[in-house]
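**Student:** Sharing the record's features from TrEMBL:
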{"type": "DOMAIN", "residues": "1-461", "note": "domain 'Major facilitator superfamily (MFS) profile'"}
{"type": "TRANSMEM", "residues": "27-43", "note": "transmembrane segment"}
{"type": "TRANSMEM", "residues": "55-75", "note": "transmembrane segment"}
{"type": "TRANSMEM", "residues": "87-106", "note": "transmembrane segment"}
{"type": "TRANSMEM", "residues": "112-130", "note": "transmembrane segment"}
{"type": "TRANSMEM", "residues": "151-175", "note": "transmembrane segment"}
{"type": "TRANSMEM", "residues": "205-224", "note": "transmembrane segment"}
{"type": "TRANSMEM", "residues": "259-284", "note": "transmembrane segment"}
{"type": "TRANSMEM", "residues": "296-316", "note": "transmembrane segment"}
{"type": "TRANSMEM", "residues": "325-352", "note": "transmembrane segment"}
{"type": "TRANSMEM", "residues": "372-390", "note": "transmembrane segment"}
{"type": "TRANSMEM", "residues": "411-431", "note": "transmembrane segment"}
{"type": "TRANSMEM", "residues": "437-455", "note": "transmembrane segment"}
Amino acid sequence: MADQLTAASDQRLGQASWALFEWARNPYYILIMIYIFGPYFTNDVIGDPVLGQEIWGYITGFAGLITASLAPFLGAIADKVGRRKPWIAASVIMMIPAILLLWYAVPGQETRGVVTVSIALAIAGTGFAFTEVFHNAMLPSIVPYNRMGSLSGLALSLGNGGTLIILVAMLYAFALPAQPIINWGWLPDQVLFGLDVSSHEHDRISAPISAVWLFVFSIPLFLFTPDQAGTGITARAAIRQGLDDVWLTIRRLRDYRNVALYLIARMLFNDGKVAIMTFGIIYASGVFDWGLAERLILAVFLTVFAIIGGLVGGWLDDIVGSKRALLVTIGGNCVALLLAVSITPTTLLFIPIEGMDVPLWDFAFFRTLPEILYVLVSVLFALFITSAYANSRTMLARIAPEAEMTKFFGLYALSGQVTTFIAPLMVAFFTRFYGNQVGFGSVLILLIAGFLLMFRVRETRENL
């Protein structure tokens, strides 16, 4: 009896440590790619928001190309070797120095400095994508089938919880004290730790914080989460057989028609979700002239709802199944995006209304009705996007062949990365010719296409 209790306790610890890895890795994406470093890099380091957005697209596109080229092959090789944690460790080791290097991204850099930072961003982004492949592939081996949705949702909620702690700390220590119009007694008189606001150290500090956080909170996964046993196959044989298996899998996707349809659908709606996260803040910052403080306040607010979204997504997944849960969350994103682009300082639902830009209260931020409404729409984004992430990987875990799970999660990463250049280019094209509302709203094309294709996907496992 004691042995059974110990085994159950170890199993729960392993599952919790697996979920905690999202706590470790998620702040990189939220702080660096969305709310803090990305806007700082495009607006201040480059100095031209339009050119900065273009360069940001090249960086993320290059990282996506590397991931698309390598992730399926690495996943197949890991299937042959058996163990996944060494691959996660290698990816984390690749990320940490690259993230730390971002501290040196200062305004007014010469071309060489910008190129160096761009390469570091591409390396960190590639490593982040690789951690997703191997971390996701561990899920079916550590938790029963009927609890995969709950554990997946818990992991995403933990990831957002860790990010929330950092965002609140940065808001208190750096962003609000840097605002001359703020005179709240409970705030520090100046930016903490002697950071120099004029050289944007309060923006750049997000990089070392993300790197240290990733290192510290990755440790429990390696200590407590059980890995699959090694197969004993040699590295050379694993590489050869893994490469052969990937090409065979790609050729035989017609035999896994249901999985293939899902991966295509996921490719479309995932591009849409990523574009919303990336351009939603860019759109709002441009339309409402939001700075770092507004972005951080919004990030804190939305992260709370993202935590709720992860839990709700996991619960919904277990109750109605992954497919129905995805239809709800993708459809919700479509509605929220349509509402978002209908809001400007002078319009609501695309209708011009006088007096919309009049302040409603004396709070220093989000003072007008359109700003408040955009924040509320952003809450819908936070709920639906986080839920969809939890449902997406659980859907694949439910329908992919169990014996080739890592390989299919490699293809899953491929479906999430191979077309990442489409959404940014599409937004850029429509923005240039039709304005930022139509540009941001063009993401609806991808969301609707993925939503419709999901109706043809069956929630049944395929084994040949």
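The backbone N, Cα and C atoms fix where each Cβ goes, and this holds for glycine too.
Automatic prediction, not curation, is the source of TrEMBL annotations.
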**Student:** Please report, as numbers and ranges, the same-chain residues at least 6 past the borders of the transmembrane segment (437-455) whose CB is under 8 Å from any CB of it.
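**Tutor:** Same-chain contacts beyond the ends: 261-262, 264-273, 275-276, 279-280, 283, 323, 326-327, 330-331, 333-334, 337-338, 340-342, 344, 422-423, 426-431.
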**Student:** If we skip the immediate neighbours and take only residues 6+ beyond the ends of the transmembrane segment (325-352), which ones have a Cβ under 8 Å from one of its Cβ atoms?
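**Tutor:** Residues 149, 269, 272-273, 276, 280, 283, 287-288, 313, 316-317, 368-371, 373-374, 377-378, 380-381, 383-385, 387-388, 391-392, 395, 437-438, 440-441, 443-444, 447-448, 450-451, 454-455 contact the transmembrane segment (325-352) from elsewhere in the chain.
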**Student:** If I take every residue in the domain 'Major facilitator superfamily (MFS) profile' (1-461) and average their pLDDT values, what number comes out?
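**Tutor:** In the predicted model, the domain 'Major facilitator superfamily (MFS) profile' (1-461) has a mean pLDDT of 82.
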**Student:** So what's near the transmembrane segment (112-130) in sequence-distant terms, Cβ-Cβ under 8 Å and 6+ beyond its ends?
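**Tutor:** Sequence-remote neighbours of the transmembrane segment (112-130) are 25, 28-29, 32-33, 41, 45-46, 55, 58-60, 62-64, 66-67, 70-71, 74, 87, 90-92, 94-95, 98-99, 101-102, 104-106, 413, 416-417.
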**Student:** Which listed range (27-43, 151-175, 205-224) shows the maximal number of Cβ pairs under 8 Å with respect to the transmembrane segment (259-284)?
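**Tutor:** The stretch I would name here is 27-43.
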